[in-house]
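Taken from TrEMBL as is:
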BINDING   Gly163, Arg164, Gly165, Ile229  NADP(+) binding site
DOMAIN    3-117  domain 'Tetrahydrofolate dehydrogenase/cyclohydrolase catalytic'
DOMAIN    138-276  domain 'Tetrahydrofolate dehydrogenase/cyclohydrolase NAD(P)-binding'
Amino acid sequence: MKIKANKIIDSIKVEVKAKVNAYRIKGINPTIQTIIASNNTAIKPYVLSKIKQADNLGITMKIIELAANKKHEACEALIRVSNNDNSIHGIIIDLPVRADLDHNRLLSILDQKKDIDGLNPLNQALIQQGQENKAICPAAPQACIKLAESIDWLSGKQVVVIGRGPTVGKPLATMLINRNATVTIVHSHSKDLATILTPARFIFTATGQPGLLNANNVTAKHVIIDAGIAYKNDKLVGDFDVEAANKVMAYSSVPGGVGSLTSVIIFSNLLKCMNMQGYF
């Protein structure tokens, strides 16, 4: 069974639009500042897609692109200006940034209350402490959890997280623990994947390795939440081989699953940022 994200997406959009309209009636224009400091040209279509979605929700999204000849200090200055600009309610630093920039340093100076992606160290620490209500949580892990919970409760379940990256795997594992799941983390040094997966109810994967999950290592009780992104034969695919769809209880598709839901949760995070900044 393919897990349908559309109902969840539509519900979030309705909620976001209503809150944005309420702000606009008060003369407040919810605004996101996106900072691009990358040599990766693939980022721009993604940013343009976010701008279109923001516009449809009544949210303003601005873009600043760091010139190629500008150094780390210039990028820091852009972030500090946005931190102090009361007309900017949320900030996104599109990753990956250029190799000559210290992305951890950039994330650390980002105002925690404007950190839409939830990657500032303070937000990460609050999540680790189980205080998600005080944090901005990364959108992709939120999307993974919402899709999983549309199938079954997480509390008390055996779950496996494949991947330990800073944007999905690590925060997702912590957020699952916060929901009382029993979590096993699999990474590049883990051995005998099929044996590790066997007792799991939920498998969350975010490696970008097409076919990592397949008919040889999944079972009929598994719910697969696929946050992997890769291209195979010029087609966007996830980590789960959909040829094995009839071998599992349920799975989320790529595209149309975690990614689509993530792109909407970003705007829900903006509204939480605004609430933390004192806008009601």
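Quick reminder: no glycine exception, Cβ is built from N, Cα and C everywhere.
Keep in mind that TrEMBL annotations are predicted by a computer and have not been checked by a curator.
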**Request:** Provide the number of Cβ atoms within 10 Å of the Cβ of Gly165 (NADP(+) binding site), excluding the reference atom itself.
**Result:** 15
**Item:** Other C-beta atoms that fall within 10 angstroms of the C-beta of Ile229 (NADP(+) binding site)
**Value:** 18
**Request:** Please list, for the domain 'Tetrahydrofolate dehydrogenase/cyclohydrolase catalytic' (3-117), how many residues fall into helix, strand and coil according to DSSP.
**Result:** 57 helix, 18 strand, 40 coil
**Fill in**
The average per-residue pLDDT within the domain 'Tetrahydrofolate dehydrogenase/cyclohydrolase catalytic' (3-117) comes out at 94
**Request:** Please report the number of other Cβ atoms within 10 Å of the Cβ of Gly163 (NADP(+) binding site).
**Result:** 24
**Request:** Could you give me the DSSP helix, strand and coil counts for the domain 'Tetrahydrofolate dehydrogenase/cyclohydrolase NAD(P)-binding' (138-276)?
**Result:** 51 helix, 28 strand, 60 coil
**Asked** What residues, ordered by sequence, lie under 8 A Cβ-to-Cβ from Arg164 (NADP(+) binding site) and sit at least six positions away in the same chain?
**Response** Lys170, Ala173, Ile185, His187
